[in-house]
Amino acid sequence: MRASKSDRFLMSSWVKLLFVAVIMYICSAVVPMAATYEGLGFPCYFNNLVNYSALNLTVRNSAKHLTPTLFLEKPEMLVYIFWTFIVDGIAIVYYCLAAVAVYRAKHVHATTMMSMQSWIALLGSHSVLYVAILRMWSMQLFIHVLSYKHVLMAAFVYCIHFCISFAHIQSLITCNSAQWEIPLLEQHVPDNTMMESLLTRWKPVCVNLYLSTTALEMLLFSLSTMMAVGNSFYVLVSDAIFGAVNMFLALTVVWYINTEFFLVKFMRRQVGFYVGVFVGYLILLLPVIRYENAFVQANLHYIVAINISCIPILCILAIVIRVIRSDWGLCTPSAAYMPLATSAPTVDRTPTVHQKPPPLPAKTRARAKVKDISTPAPRTQYQSDHESDSEIDETQMIFI
């Protein structure tokens, strides 16, 4: 089937967005590397946001300088940026392969007017690509602001980046469609093709990688928000640290609920987020170990350690619930429909045995005989049809 004008417009606009995404990915790789070296337009090294050698948990915020609170240091920040760069690169490769798959399938398997639109919606629609572009752009802006040591502006920019990333992963999993629309879209996917392989194998891998990044983004969002709070209000540094840990814990719990009640309807295997939560737990635990003296002097060592330990405990509990509901088939909602029968219902063809009615009395039999003689027998349907056909034949012969 030849592609219509609307299909050609969808394909061309989708490829153009993919081209812009590739350019944005190159820029997102260049900006962190350029911000690492001096003399390239960045005033400060963006990784050294605070001086942890002056960390004091018993003092309050001072408006004269940047009060050090809990944040990512140089190794953790580099790991986060490098992992984000790797995940975005894998996603760009996936989208390029998706464009090749759609181009190869449109000449052979585009049998309906909705085929190409369904393919693009399942692989990654225009809105998903556009949000992915905004996500990479906001990450570059965050690095720019960090290099200028604007803590409040950096927290605001990263809040925007986190919201965009949340919308992106939600749209990628749900395909921006209702649950009942997904099977209808999948009916247009041809079997044993490159497109089917991308949807069944590579897209789940890409989604799980994005989920691991989402968990790390929750951690960085919590740390940047509480750093902005700690440098804006007259609060203890320890309160800002407790707030960051509890905020990260609350965000993960919200995502667990979102996964169990909504996202599992679209994709069952979601392990990337749990891996990201464990990595975030290790990142939070490193400052407690690295700056143990500061926590011990403030008598907060055990309290912070116990508070941070709640993160992996709840994560393990969420994994157990996911295994119970997914692999063991327990607590799964029943289908809202009844399956059709595979074979026709059997009909009982046993002959019915009619019992002989009891004999009538003599007077009744005599009356019935008189009635039969006086009343002519009714004509059957066959006799009526036969007589009508003969009358028509006679009329035709007379006419001839």
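Positions of Cβ are set from backbone N, Cα and C atoms, glycine also.
The annotation region 'Disordered' is assigned in Swiss-Prot to 348-394.
Among the features that Swiss-Prot reports, topological domain 'Intravirion' is placed at 1-16 (among others).
Positions annotated as topological domain 'Virion surface' by Swiss-Prot, on the basis of sequence analysis: 38-76 (among others).
The topological domain 'Intravirion' (98-113) scores a mean pLDDT of 78 in the predicted structure. Swiss-Prot lists 98-113 (among others) with the feature topological domain 'Intravirion', giving sequence analysis as the kind of evidence.
According to Swiss-Prot, the feature topological domain 'Virion surface' maps to 135-152 (among others). Within the topological domain 'Virion surface' (135-152), the DSSP-based counts of helix, strand and coil residues read 15 helix, 0 strand, 3 coil.
Taken from Swiss-Prot, the feature topological domain 'Intravirion' covers 174-208 (among others).
Under the heading topological domain 'Virion surface', Swiss-Prot lists 230-234 (among others).
According to Swiss-Prot, the topological domain 'Intravirion' annotation covers 256-270 (among others), on the basis of sequence analysis. Residues 170, 173-175, 179, 182, 204, 207-208, 211, 314, 318, 321-322, 325-326 of the same chain lie 6 or more positions beyond the ends of the topological domain 'Intravirion' (256-270) yet place their CB under 8 Å from a CB of it.
If you look up Swiss-Prot, you'll see 292-300 (among others) marked as topological domain 'Virion surface', on the strength of sequence analysis.
Per Swiss-Prot, the feature topological domain 'Intravirion' maps to 322-400 (among others).
Among the features that Swiss-Prot reports, transmembrane segment is placed at 17-37 (among others).
Annotation source Swiss-Prot lists transmembrane segment at 77-97 (among others). The list of residues near the transmembrane segment (77-97) in space but at least 6 beyond its ends in sequence, with Cβ under 8 angstroms from a Cβ of it, reads 18, 21-22, 25, 28-29, 32, 46-47, 123-124, 129, 132, 136, 139, 143, 194, 198, 202-203, 205-206, 209-210, 212-213, 216, 220.
For 114-134 (among others), the entry in Swiss-Prot reads transmembrane segment.
Under the heading transmembrane segment, Swiss-Prot lists 153-173 (among others), citing sequence analysis as support.
If you look up Swiss-Prot, you'll see 209-229 (among others) marked as transmembrane segment. Within the chain, the transmembrane segment (209-229) has long-range Cβ neighbours (under 8 A, six or more residues past its boundaries) at 50, 69-72, 80, 83-84, 87, 90-91, 151-152, 154-156, 158-159, 161-162, 165-166, 168-169, 172, 235, 240-241, 243-245, 247-248, 251-252, 255, 270-277, 279-280, 283-284.
Among the features that Swiss-Prot reports, transmembrane segment is placed at 235-255 (among others).
By the Cβ criterion (distance under 8 Å, sequence gap of 6 or more), the transmembrane segment (153-173) is not counted as touching the transmembrane segment (235-255), fewer than 3 such pairs being found.
Panel annotation: around the topological domain 'Intravirion' (174-208), residues 90-91, 94, 97-98, 100-102, 104-105, 108-109, 112, 114-115, 118-119, 121-123, 125, 127-128, 263, 265-267, 269-273 of the same chain, lying at least six beyond its termini, place a Cβ under 8 Å from a Cβ of the stretch. Against the transmembrane segment (271-291), stretch 301-321 shows more Cβ pairs under 8 Å than any other of 114-134, 235-255, 301-321.
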